[in-house]
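Below is one structure, written out as C-alpha cells, with a few remarks after it.
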Amino acid sequence: MSETETYYDLAVKSAHAAGAILRKGAGLRHVNMQDSKDVKLKADVESEKLIRELLSPTGLPIVGEEEGGDESLPQSDELYWVVDPLDGTYNYLRGTPLCCVSIGLMRGWEPVLGVIYNFNNDETYSAMADGLLLINKEPIAPEWPENIDHASLVTGFPAGRDYSTEALTAFVTDIQRFQKIRMIGSAALAIAYVASGKADAYCEESIRLWDIAGGLALAKASGAHYSIKPSATPDKAFSCNIWITGRKEWLPA
C-alpha cells in the first residue's frame, strides 16, 4: 500500500469516526458562538478535536475550521490536511440532513485526496485525485448535460460574502446562464453532488478552503473542471473564490 493510499484509508476512517459522534447529536447542538451571518456549535469543536487526534500520527500539518492552521501552506509545496469537522452547521442545528464531515489532503492549492461523509444517510464520497470517484466504495461515472441551459448550479452565500450591488450584479450575470439554481447550505455536499452528477456546477465567493478541500479531489477524479483563486479578503485567512463545472466551457471567462 502506498503512502497516499494509507492516508486515504485514514481519512475515510477519521470522517466516519467524527460522523458517528455527530449522528448521535447528544449535547452537540449547544451554540458556542453566533453572529448575524454565522453560527458555531459544540459539535464543530468536538468533531475537529477527534479528527485532529486521528490524523496527527501522520505528522502532516492540519488546517481546520475551528483551530485554523499555517496560512502559508496553500502557497507551499508541502502536504497538509484540511478539515471541516461539520460543514453545514446551521443545517445540523435545525435538523436538516444536509451536512457532512469533509477531509482533504492538499499540496499547495492542488488536491491529493478527499472524503466527504454525509453521516445522516451514511453516504461516503471519496477519491484520490488521480483515481476514481467512489460512493460507498462503488465507482461512479457522472453524466452532465451537454448544454448549460439544461444544467443546474448549486451556490451559497457564505458569512463573509460581498453584498454590494456591483458584486451581486456580477454574481447574477454568471448564474443566470443555468436552468436551475439551488442553495443547500453545505459547500462540501454541493461539490460532491457535482462530482457525482447529481448537480452540474457549483460556485461560491469568499468561501474558506476547509469548506471545499475535501471536494476538490472528488471533482478532479470525476472529470469535472474547476477554477480556484484566493479571494481579495485580507481579514479572512484561507478565503477563495471557486467554480466547479461538469463542462469546461461553463467556467466563467
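Any Cβ shown, glycine's included, is placed from N, Cα and C.
In sequence order, C99, C100, V101, S102, S186, A187, A188, L189, W210, D211 make up the list of same-chain residues 6 or more apart from D87 (Mg(2+) binding site) whose Cβ falls under 8 Å from its Cβ. DSSP gives D87 (Mg(2+) binding site) a strand state. Residues annotated as Mg(2+) binding site in TrEMBL: E65, D84, L86, D87, D211.
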